[in-house]
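Now, the feature entries from TrEMBL:
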| type | residues | note |
| --- | --- | --- |
| DOMAIN | 13-98 | domain 'Endoplasmic reticulum vesicle transporter N-terminal' |
| DOMAIN | 164-329 | domain 'Endoplasmic reticulum vesicle transporter C-terminal' |
| TRANSMEM | 35-55 | transmembrane segment |
| TRANSMEM | 312-338 | transmembrane segment |
Amino acid sequence: MRRLTRKKALTLVKELDAFPKVPDSYVESTASGGTVSLIAFTLMAALAFLEFFVYRDTWMKYEYEVDRDYSSKLRINVDITVAMRCQYIGADVLDLAETMVASDGLIYEAANFELSPQQRLWHMTLLHIQERLKVEHALQDVLFKAAIKGVPPAQTQSDDSSTSLSACRIHGHVYVNKVAGNFHITVGKSIPHPRGHAHLAALVSHDTYNFSHRIDHLSFGEAVPGLISPLDGTEKVAADPNHMFQYFITIVPTKLNTYKVSAETHQYAVTEQDRVINHAAGSHGVSGIFMKYDISSLMVKVTEQHMPLWQFLVRLCGIIGGIFSTTGMLHGVVGFLVDVICCRFQMGRS
């Protein structure tokens, strides 16, 4: 009784076979079938190889959410060279509440405004990357994934004394509140004031004014390898001593999560304008470099993603099964057409 039940179960399983076997006596191998098989196997191998490279590739996913962090401080990273001596200029930050932020983290260093050949090459390369980023926005994704940290050539001062250096390099960082503000460099050192702040510009001769400048680096938040800020490499030459340069910056908080870097930083967009200060002509203002920034309420989450293994296997099975089925159908249709043509040819001869 048990053997009978097992035999019935085996028979039932055989009836459910969706892949019936053809006896070898009914199988005929042909040269055309072998050729089609070789072509099919070649296509399978080539497409599977290309699919493996697609599986290895990654892409960036951008998501947006409201930034709820208003209590933390915002770090401003600065590296600017101004074509004036350090004792004539001062840099500080004034936020939206007219609160002067301490700029103790900034270092004033005498420097040459002209670049050495190595530095000029670095500067031109940076400008070229900036131009490509304006046209090909996907290039930033490549830089994110590569996490390249470039270091500009150091300034050499072997043959120059501090008295012959006519420019001032202001570099370092300051921490400010996460509200709109104004980072500026103008004539005279800044002093605190009950209603804001003031600069001792009266002690500086008008002949020394020259706000030609070069922004080697300006970023907000944590420094991230692979992130090139829009103002990096900017160089402006003042046409007049009384010249005002203005940069209007919109800062976007960014959470970056790649396979190499995980950080919370900030990206920004910028527009700029400059004009000559001429009170007689109605162009009022203060000579200097002014960077007015505002912080967006939206946060961008940039995540590097990868194709899951199961999806790669499904696509691979689709390639192999699709090519095998398609070439089999094409071979059958071609064989049928050849048989029909040969049969008609033989009938015509007879």
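The chain as shown is numbered from 1 upward.
Just so you know, glycine gets a Cβ as well, placed from its N, Cα and C.
Remember, predicted model here, so these are calculated numbers, not experimental data.
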Discussion item. Can you work out which residues elsewhere in the same chain, 6+ from the ends of the transmembrane segment (312-338), have a Cβ less than 8 Å from its Cβ atoms?
Written reply: 32-33, 36-37, 39-40, 43-44, 47-48, 51-52, 55
Practice prompt. Please give the average pLDDT for the domain 'Endoplasmic reticulum vesicle transporter N-terminal' (13-98) in this predicted model.
Written response: 81
Worksheet item: Under the DSSP assignment, what numbers of helix, strand and coil residues are found in the domain 'Endoplasmic reticulum vesicle transporter N-terminal' (13-98)?
Response: 35 helix, 26 strand, 25 coil
